[in-house]
Amino acid sequence: MTCPGEQPGTPGRPRPEERVRTAFGDAGVTDGVGPAVPVVDRHRTRGPAPRSSRRSKIRWTVLALVHVAILIHLAHWKITGRTLSPLEPSESMQTLELGYLNAGFVVFALLILSTLIFGRFFCGWGCHVVAYQDGCAWILEKLGIKPRPVRSRLLVLIPFGAAFYMFLWPTVHRILQGGPAPALANHLTTETFWATFPGPIIAILTILVDGFLVVYFLGAKGFCTYGCPYGAFFGLADRVAAGKIKVTDDCNQCGHCTATCTSNVRVHEEVAKFKMVVDSGCMKCLDCVSVCPRDALYFGKGRPSVFGLSTILRRKKRVFDFTWPEEIAMALIFLGGLYAFRSLYDVVPLLLSIGLSVILALLLVLGWRLLRRPTFAFQNHVLRRDGSLTRAGKLIAAAVPLVILFTAHSTIVQVHAKEGTRLLIAAESADDDTQAHTLEQSLRHLRQAQAWGLIPVGSLHLKIGSILRTQGDLDGAEQEMRAALAADPSMKTPRLELARILTSHGQYAEAERYLQELVEMDPHNQDAQRGLQFVREKLGH
């Protein structure tokens with residue numbers, strides 16, 4: 001039995017890409033205009049099949065220990081009630097925007113510094129999402145499916161855009177607004193460990209999309225290439241690093257390294273041209289070093305890639321799967337998908353919406369090609385042959401309209417929800433003459449979002465309830481606040497608003513229950529404490 005990332009020898013069994021080539025002859029090797037996506041790779045290894053990587057077992061043990069450490073961290077929080085703040089790099093946003101110095105920022109900074117020196121080791125040896133992607137690639141290979149990397153010119157910019165939005169835009173926005181820099185506050189430990197993470201269902205869905213589905217559509221480590229904002233920083237830092245995969249004169253260009261690499265690096269080509277691996281996508285998994293039959297590869301000190309970047313870009317072989325019109329269309333579709341999915345129903349996080357939007361962009365272009373090409377294949381599946389759809393092609397042809405319909409529906413929900421929220425905020429600073437009209441417009445949009453939505457959304461009920469309360473409709477407001485809590489029992493504001501409405505109706509006992517729950521959820525909420533004291537006085541407690 002082999003571990004994920006190993007390359008078992010299967011003499012006599014045609015590779016998936018060979019089966020696709022057999023269907024189309026030698027077609028599908030030109031830049032973005034062939035009948036196969038991704039472009040069929042002509043690379044062939046020389047000699048016997050590549051041996052299994054010894055480093056793979058070690059790396060998977062390390063990745064397993066990373067998950068054990070995560071579980072220990074969670075257990076410590078559950079047992080003690082307070083623990084080290086999350087080590088997730090996304091926590092750095094709070095440091096940069098709010099001044100909360102947390103463990104995530106410290107770890108992210110240290111990882112970037114280490115990458116500047118040693119190269120991109122963390123991604124391959126410490127990232128849980130990479131573990132999921134490599135695990136998915138291993139499972140698919142066991143099923144006879146080996147997704148090849150999709151090559152796009154524009155979609156590779158997504159991680160940089162996401163990194164700018166997450167980590168740099170808050171600071172840029174603050175400077176443009178003339179705001180002061182936030183004062184640093186110690187948040188290295190926390191009592192609310194899970195506050196910045198999604199619930200279990202969304203967390204699992206994010207893993208399934210970004211860790212598994214993206215791999216099937218985009219190839220091994222597809223999310224690293226087309227979605228990960230942290231990888232954007234690590235990739236840039238790797239270009240400065242002196243730590244490189246290098247080669248000796250013993251190399252005979254057998255290509256075992258490229259066949260084994262799970263980071264989609266053309267190792268044998270790069271070491272032939274540059275005497276080292278210069279691709280910043282190299283995650284230093286060291287599988288290539290392990291499988292080299294002549295022990296010609298090693299990790300050592302090399303010239304930082306940034307100093308010869310123009311030469312590297314000029315000499316590297318670059319093959320893409322899409323024409324420029326298709327690239328531009330995919331970029332626009334991605335942005336549209338991001339609008340449709342980001343914070344949809346207040347539950348879809350940024351990284352999940354990125355994964356969904358990338359897949360959406362690819363699917364629509366695949367659907368377009370499926371309509372126009374008499375012969376077409378995607379990954380290991382022939383979708384259309386001589387004008388006739390195969391079974392896989394029929395599945396794609398049926399899926400694309402459904403995906404378009406769901407995206408359009410989500411866009412309608414988002415338009416009404418965002419516009420209703422914008423008008424509600426505008427009403428807070430409006431004068432008396434326009435406030436009532438603005439609130440009525442906001443209410444109309446929010447109710448449309450509620451009517452179109454597939455699931456109840458607590459924040460929509462809360463906003464509608466607050467408008468009704470301002471308009472004097474306390475019964476309607478009470479109904480909406482109860483609906484908000486039914487949709488999301490973890491919400492705090494509806495409890496306070498509902499308690500105030502119940503207090504105005506003289507229903508002190510029920511108001512006391514909601515206020516007591518709120519104080520237990522947020523012991524520092526002074527409004528809840530004062531309200532609880534008031535209703536208890538009314539009840540004679």
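For all residues, glycine too, the Cβ spot is worked out from N, Cα and C.
Heads up, TrEMBL stuff is auto-annotated, nobody curated it.
Per TrEMBL, the features are:
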COMPBIAS  1-12  compositional bias 'Low complexity'
DOMAIN    243-271  domain '4Fe-4S ferredoxin-type'
DOMAIN    274-302  domain '4Fe-4S ferredoxin-type'
REGION    1-31  region 'Disordered'
REPEAT    492-525  repeat 'TPR'
TRANSMEM  60-79  transmembrane segment
TRANSMEM  99-118  transmembrane segment
TRANSMEM  154-172  transmembrane segment
TRANSMEM  192-218  transmembrane segment
TRANSMEM  322-341  transmembrane segment
TRANSMEM  347-371  transmembrane segment
TRANSMEM  392-412  transmembrane segment
Any chance you could find the range in 99-118, 154-172, 192-218, 322-341 with the most Cβ pairs under 8 Å to the transmembrane segment (392-412)?
322-341
With pairs fewer than 6 apart in sequence excluded, do the transmembrane segment (154-172) and the transmembrane segment (347-371) have three or more C-beta pairs that lie under 8 Å?
yes
Per-residue pLDDT averaged over the domain '4Fe-4S ferredoxin-type' (274-302), given as an integer:
94
Please count the residues of the repeat 'TPR' (492-525) that DSSP assigns to helix (H, G, I), strand (E, B) and coil.
26 helix, 0 strand, 8 coil
What are the DSSP helix, strand and coil residue counts for the domain '4Fe-4S ferredoxin-type' (243-271)?
10 helix, 5 strand, 14 coil
